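Right, one structure below, let's go through it.
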C-alpha cells in the first residue's frame, strides 16, 4: 500500500477534545436517591448525621439496614442524605443525577496580562487569600503549575485537608497553593457497582487520571511558567488566571467511568463549604430535562452562604434549549474561540495551496498520495475514531472537512488538518478531476467503518502538508463555539441563560501524563469546561477587590460590563449549522471583560428574600421553602412574578398585550453619580422606564413571533451598565382552559 493522506468528510458538527462522555445507567435502573431536608437543625455535624440515621432506622427497622443503605450524610451546607433504597415519606426525594464533564493566550486576549503595577492582577494581589473549590476529576500535583513559590501562609480560616490514596500522598503533594484534595466515589459505586479498573483505569485518590480536572484548576490558578513550547508552535509563558490563589480539589467525577454522580457532587459541595472555600467552580452539567429541585440544593448549600458558584453551560449546542445549570443564582458560562489560529498549508498536486487549521509541529510532509474513502452510509463515526483508523491503516495524516474548523486535535507527527466544507469540496473536485489510469484496476487500500478508499499506482492525486503556524489577534475573529449550549432555559424561560461567555476553544493548560494529547504535561482542550475556569478566575479578582460583594453583585458586574464585540471591536459571530451574529441566547451578556467588571458603577444585587420570591413564583410550597431556609416562610397572597427577579437581564417569553416589571440598581461607584437610561428595544416592542426603574413593555406584533433582542443601558458617561433584553410575542397562548 502506498503512503496516503486521507480526506474525511465529517458530517458531525463538533468533536470535543477529551470530552466524549456517556451516561451510565438510566432512570429506570437508578437505585440511589438524595433526601433533601433543608437547612440543618444542628450545628454539630455528628448530631446531624445521627438524626439522619435515626430517620432511616425508624423506616428500615434496624441499624444494619441503615448502615447498608446510607451512602452519604450531608451535614454542613444543608441537611440531607443519599441512600440506596426507596423511602416513602419525605419532603423531597430526588433521583440521583449523573453529571457529565463539559471540556496561553486566554488571559492576554481578555486584557489580563500582569503588565505593570496598575494592572488588574496586581490590584487584586494576584488573587492571594482567595480559596477556590474545584469539583472535577482531580489533580496531577506534580505539574509545575501548582508550585507554591512566593506563597505566604495558608489562610487560618481553612479547615480542609489533603486525603492520601492511590499514588497520592497528602503530606507530600499538597502545598501552600494546592491546600486541599479529597475524592468521592461512593455515590457512583452505589449506582453502577464496583468497577473494574483494569478495563476502566482510575486512581482511588484525588489524583487525576485523564487530565480534565488538572486542566480546569490550572486554568483558574496555575503559576506562570515562562519559556514553554507546545508541539514546537513557538515558545511563551503558560499562565493560570490568578497565580496567587489557593486551590482545593474535590474529585467527584470519574471520566474513565463515564460520569459524575449527583450524590458525590453534593457531598463535594457540602465538604467544600465546611472547609471554607470562597468560590466554587463546576465544569460539569446534567442532562436535559433537568430536575428543578437541584436548584434549591445549590441555593442552600453555597450561594445563600455568600459563595459564588460558576458552572458550565454544557456542550450540546448549537441546538436551542440545551442549556444546563440554569438556576438564577449560578453564573453559567458559554464558550467562545480565542483570537488565535493555527494556519496550515495544504498544497495539492495542481499547485493550488489551501489554508486549513491544525496543531502540527511538522516536519513538513512532502507530496504523498491522497484518497477519499467513499461510503453509502450517512452516519460517520467521530473524527477521533476516523483518525485512529487511518493511522492504523498506514496513513500519514488526515484532512477533515467539517464545520466548525476550530476544534483541533494536536499531533507531533500525524497531521490532522481541518477545513470547512467549501474548501473540502475544492479538494474533492481536485481528487475527481485527477483521472486514474485505465489499465490499472483500483486497489482497495483501506476499510474502516464500511468506508472504502481506492488507490491506483498510476497518476494518483497527491498533497503536501506544511507545519502549522501560530497567528494571534487580527484577523482572527471571536465566535461562540458550535458546541456551546444555547437558551431558552427549559425550566424557567424568563431566566436568560447563559449569563456570560469566555474563551473555551483550544485552551492550553496543565494535564495528566495519561492524557493522550499531553505534551510535557500540557494539552489543549475545548469545551464549556474550559471556559468556566476562565470566569472563575475573574470572580477571584472581583472577590479580592470587593470582598463584601454578594454572588449576585459579582454576577451583575460581569454580565453588565461584557463586550458585545470582540476586544478588537469586531462583531462576535455564533457558529452553528449556519453562522450568524451572536445574540444573548448564545452568549448572555457578551464576552467577559475583566477590567470593566472590576468597576461596574451599578449592580443588580439580590438577597435571600429575592430568591424566596422566585421560589414562590416557581410554585414551590411554603413547606418546601421553609425547609430550604430553616425557618417558617409563607409566600405572598399575590403570587410574585418571575419577571421581577432582580437579574442583570430581562427576558419576556410570552408578551401578549402589556407587561410591567421592576429592577433595582445599587451604586457601587462614586457617590453623586448621575445616570441616564438608553433603551434599544427589541424589534416591534416598545419599552419605557420610570425613575423607580419600572419597565413597561408592549408589542406591535399581531402574530406569534420568535425572540427579538435589544438592550437597556444606564450610563454616566464613564460606566455603561448594560443588560440584554429578549422578548417573544405570544398572541395565541400555548396553554388554555377549555372550560
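The backbone N, Cα and C atoms fix where each Cβ goes, and this holds for glycine too.
Quantities reported herein were computed from a predicted structural model and do not represent experimental measurements.
For 136, 212, 529, the entry in TrEMBL reads active site, charge relay system. Summarising the annotation, TrEMBL assigns domain 'Inhibitor I9' to 32-101. The domain 'Peptidase S8/S53' annotation in TrEMBL covers 127-566. For 644-727, the entry in TrEMBL reads domain 'Subtilisin-like protease fibronectin type-III'. Annotated signal peptide per TrEMBL: 1-20, in sequence order.
Features per TrEMBL, on structure.
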residue: 136; record: active site, charge relay system; Cβ neighbours (10 Å): 29
residue: 212; record: active site, charge relay system; Cβ neighbours (10 Å): 29
residue: 529; record: active site, charge relay system; Cβ neighbours (10 Å): 32
Please report the distance from the Cα of residue 136 (active site, charge relay system) to the Cα of residue 212 (active site, charge relay system), rounded to the nearest angstrom.
7
Give the mean pLDDT for the domain 'Inhibitor I9' (32-101) on the 0 to 100 scale.
72
With helix taken as DSSP H, G or I, strand as E or B and everything else coil, how many residues of the domain 'Subtilisin-like protease fibronectin type-III' (644-727) land in each class?
1 helix, 46 strand, 37 coil
